[in-house]
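K.L.:
Here you go, one structure.
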Amino acid sequence: MGSSRWKVAAAAAFLAIVGSLLPVDADEHDHTYTDKEEVVLWMNTVGPYHNRQETYKYFSLPFCAGNKKTISHYHETLGEALQGVELEFSGLDIKFKDEVLQTTYCEIDLDKAKRDAFVYAIKNHYWYQMYIDDLPIWGIVGEADENGEDHYLWTYKKLEIGFNGNRIVDVNLTSEGKVRLVPNTRIAMSYSVKWKKSDVKFEDRFDKYLDPSFFQHRIHWFSIFNSFMMVIFLVGLVSMILMRTLRKDYARYSKEEEMDDMDRDLGDEYGWKQVHGDVFRPSSHPLIFSSLIGSGCQIFSVSFIVIIVAMVEDLYTERGSMLSTAIFVYAATSPVNGYFGGSLYAKQGGRRWIKQMFIGAFLIPAMVCGTAFFINFIAMYYHASRAIPFGTMVAVCCICFFVILPLNLVGTILGRNLSGQPNFPCRVNAVPRPIPEKKWFMEPAVIVCLGGILPFGSIFIEMYFIFTSFWAYKIYYVYGFMMLVLVILCIVTVCVTIVCTYFLLNAEDYRWQWTSFLSAASTAVYVYMYSFYYYFFKTKMYGLFQTSFYFGYMAVFSTALGIMCGAVGYMGTSAFVRKIYTNVKID
């Protein structure tokens with residue numbers, strides 16, 4: 001009896017967690033109203049304009065709320081909780097199509113502590129955010145005079161709401177009623193609501209928040225065209241050089257096969273054929289290597305699927321929906337991680353496959369959660385809304401243990417059984433071949449450092465637009481551009497790693513697995529270096545919390561991008577290496 005109850009409770013918790021991942025309407029209504037029906041004004045967060053992620057609860061400043069205390073429904077998704085959305089009821093009485101003249105809804109007893117809080121907010125350019133029917137509204141707390149001696153609070157919220165039929169399609173806020181902050185006075189807070197008919201369609205109501213002049217600027221188009229030309233150049237270069245060079249190699253090796261043993265011994269043998277007995281030797285640290293490859297394949301799958309979903313659905317219209325979708329897709333694609341990581345580990349003769357499965361499953365979640373845990377301490381110290389609640393942490397841990405791990409296990413078992421056999425075209429020698437000396441620029445370390453330059457060059461313009469949408473007040477919506485850039489990045493990465501691997505093998509160095517992975521993954525180093533440039537020259541961020549948040553999550557983003565590029569580069573190079581050694585006759 002107790003066991004059955006436990007199973008029912010566990011099933012209910014699982015369904016609740018999975019349900020919280022799915023994007024849902026963030027408002028309690030279905031976005032349709034009848035005349036005089038209640039319209040909720042949510043107060044979200046307040047914070048410095050230049051530090052977008054440093055946000056606090058709206059009522060952490062000594063604002064006052066309206067008299068209306070009761071409210072019916074409220075929903076919060078996992079994405080909202082992780083992004084620090086803190087919706088609190090404003091207490092303002094707003095009804096659909098019911099105009100409200102300027103009305104005082106509360107008064108602030110301004111003592112010295114409250115005045116100091118408002119003055120600090122005004123000096124740091126604090127803005128606040130509100131929501132009506134999922135439409136965001138921004139307002140400024142106050143302003144200072146030219147000398148910076150007197151500070152003024154905006155006390156009058158003038159709302160103008162546009163409607164089309166029975167739906168809200170537009171909201172505008174005008175802040176008026178500038179009142180000087182003087183201690184030991186009472187400040188009256190007021191609002192008014194004006195309704196107007198609008199021709200804007202409900203489906204297009206978020207268009208006013210988009211910025212086509214920024215995202216569809218000629219520079220954006222030029223960068224895509226430039227990257228596309230780079231792809232054509234690289235693919236042509238790889239095809240020309242490698243095909244011609246490989247044809248010469250094959251001809252030379254065929255000629256050597258026709259020689260007798262004496263001539264062959266006297267001949268000057270060199271090139272990639274000489275390492276045929278070692279090229280398929282297992283990489284060093286195969287457990288970590290296969291886990292990285294599996295994680296990279298999963299990150300690529302998540303990126304591809306989420307971009308397609310974002311192209312089909314306007315995810316920016318729902319609070320936290322992009323993050324919720326990414327978490328859901330990441331959990332659902334865990335078998336991809338297990339399949340590629342498990343099969344590669346089996347091919348390399350690994351025996352501790354359970355340990356590999358655990359490392360592969362928790363490599364990315366541990367990195368993300370570890371960074372979030374560190375930043376969470378700073379957010380708690382600041383009392384910021386970005387501090388992740390304990391219940392949300394438990395939900396994320398449950399997703400890792402009860403969704404990601406089992407699906408990873410399924411993928412690992414399938415990978416080991418379906419494609420875990422080491423069917424290499426060449427036998428691996430029992431004794432490793434000594435690696436001859438070569439020129440300094442052919443060393444793996446040099447190849448790794450140089451390998452990420454071209455992939456970074458193909459994406460760095462797009463990085464500027466992505467950074468600006470995340471760290472500034474822009475909504476990214478050109479996901480077609482992002483898909484093109486992802487495809488271009490993969491092609492450039494594969495071409496560069498194939499060329500690097502060919503030169504490495506031609507120097508009779510068979511350590512190509514880690515070299516191909518790291519030469520592609522070094523793109524992450526250049527992206528992270530670019531994030532420093534962006535922070536110091538493109539933003540006005542300041543403070544410990546915002547700085548740690550920026551560089552912490554940029555490190556996570558760069559590392560994930562590097563693992564994805566490394567996996568793509570390795571998979572392409574692996575197919576190339578297998579192909580060239582299949583086509584040459586080995587004695």
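Just so you know, glycine gets a Cβ as well, placed from its N, Cα and C.
All TrEMBL annotations are machine predictions without curation.
Predicted, not measured: the structure shown is a model, and the values here were computed from it.
Pulled from TrEMBL, these are the listed features:
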type     : residues : note
SIGNAL   : 1-26     : signal peptide
TRANSMEM : 221-243  : transmembrane segment
TRANSMEM : 287-311  : transmembrane segment
TRANSMEM : 323-346  : transmembrane segment
TRANSMEM : 358-382  : transmembrane segment
TRANSMEM : 388-410  : transmembrane segment
TRANSMEM : 445-467  : transmembrane segment
TRANSMEM : 479-505  : transmembrane segment
TRANSMEM : 517-537  : transmembrane segment
TRANSMEM : 549-571  : transmembrane segment
K.L.:
Give the one range among 221-243, 323-346, 358-382, 388-410, 479-505 whose Cβ atoms make the most pairs under 8 Å with those of the transmembrane segment (549-571).
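P.N.:
So the stretch in question is 358-382.
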K.L.:
Taking the transmembrane segment (221-243) as reference, which of 358-382, 388-410, 445-467, 479-505, 517-537 has the most Cβ pairs under 8 angstroms?
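P.N.:
Checked against 358-382, 388-410, 445-467, 479-505, 517-537; highest Cβ contact count belongs to 479-505.
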K.L.:
Could you pull out which residues elsewhere in the chain have a CB under 8 Å from any CB of the transmembrane segment (358-382), counting only those six or more residues past its ends?
P.N.:
54, 56, 287-288, 290-292, 294-295, 298-299, 330, 334, 337-338, 341-342, 388, 396, 400, 404-405, 408, 412, 544-545, 548-549, 552-553, 555-556, 559-560, 563
K.L.:
With a cut-off of 8 Å between Cβ atoms, can you find at least three pairs linking the transmembrane segment (479-505) to the transmembrane segment (323-346)? Only pairs 6 or more residues apart in sequence count.
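P.N.:
No, the stretches stay apart by this measure.
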K.L.:
For the transmembrane segment (323-346), could you work out the same-chain residues 6 or more beyond its ends whose Cβ comes under 8 Å from its Cβ atoms?
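P.N.:
Non-local partners: 18, 20-23, 77-79, 82-83, 286-287, 289-291, 293-295, 297-298, 301-302, 305-306, 309-310, 315, 353, 356-357, 360-361, 364, 399, 403-405, 407-416, 418-422, 567.
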K.L.:
For the transmembrane segment (517-537), give me same-chain residues lying six or more residues beyond its boundaries with a C-beta closer than 8 angstroms to one of its C-beta atoms, as numbers and ranges.
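P.N.:
Cβ under 8 Å, 6 or more out: 289, 292-293, 444, 447-453, 455-456, 459-460, 463-464, 467, 471, 493, 496-497, 500, 547, 550-551, 554-555, 557-559, 561-563, 565-570.
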